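As structure tokens, the structure follows; a few thoughts come after it.
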Amino acid sequence: MSTSGTPTILSTLPPIFTALHDAKKKSKMTFADIAAKMDRDEWYVAGIFYGQAKPDEADVTKLSAALNLQQQYLDDAFGPDFFPHRGLGEFPPQDPVLYRLYEVLVVYGYPLKHMIHEKFGDGIMSAIDFEGHVEKVKGKQNEDRVKITLNGKFLPYRRW
């Protein structure tokens, strides 16, 4: 985050994404609040704000209303010429939250892969036919914990 509270990654993205974050900040809404107004999941909506997801026409209309942004501005920004550039930032990530998620996969990636293969066979979890959810839950000592659910379609490798 920059000193203004704007994520520094936005400096590498087109201006529409800074405008979205500024409007979100001004509205005092969370991604969950905006998602409820758009009939979408908060993770997907957050993806739009970072250029990782492409909103459809209905999404753009609802986003315009939710954030009080000009419809034409959003139509132009997210029109037919907009394609998400998925996969942002440096690697490995330097941000502590992102690095810990990376670390989870570095440490537990092969065990997860093995369990997926045991349960499903030879294949992968789709990141295209995918949903993700983040929840705040309480642990055994009543501490705050982060629960992340990754839900992707299993895609078996085919043989030819």
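Using N, Cα and C of the backbone, Cβ positions are placed for all residues, glycine too.
Under the heading domain 'Cyanate lyase C-terminal', TrEMBL lists 87-160. Taken from TrEMBL, the feature active site applies to ARG100, GLU103, SER126.
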Mean of the pLDDT scores, which run from 0 to 100, over the domain 'Cyanate lyase C-terminal' (87-160): 93
Neighbourhood of GLU103 (active site) by C-beta distance under 8 A, where only residues 6 or more apart in the same chain count: none
Neighbouring C-beta atoms (10 Å sphere around the C-beta of ARG100 (active site)): 11
CB contacts for SER126 (active site) [other CB atoms within 10 A, all chains]: 12
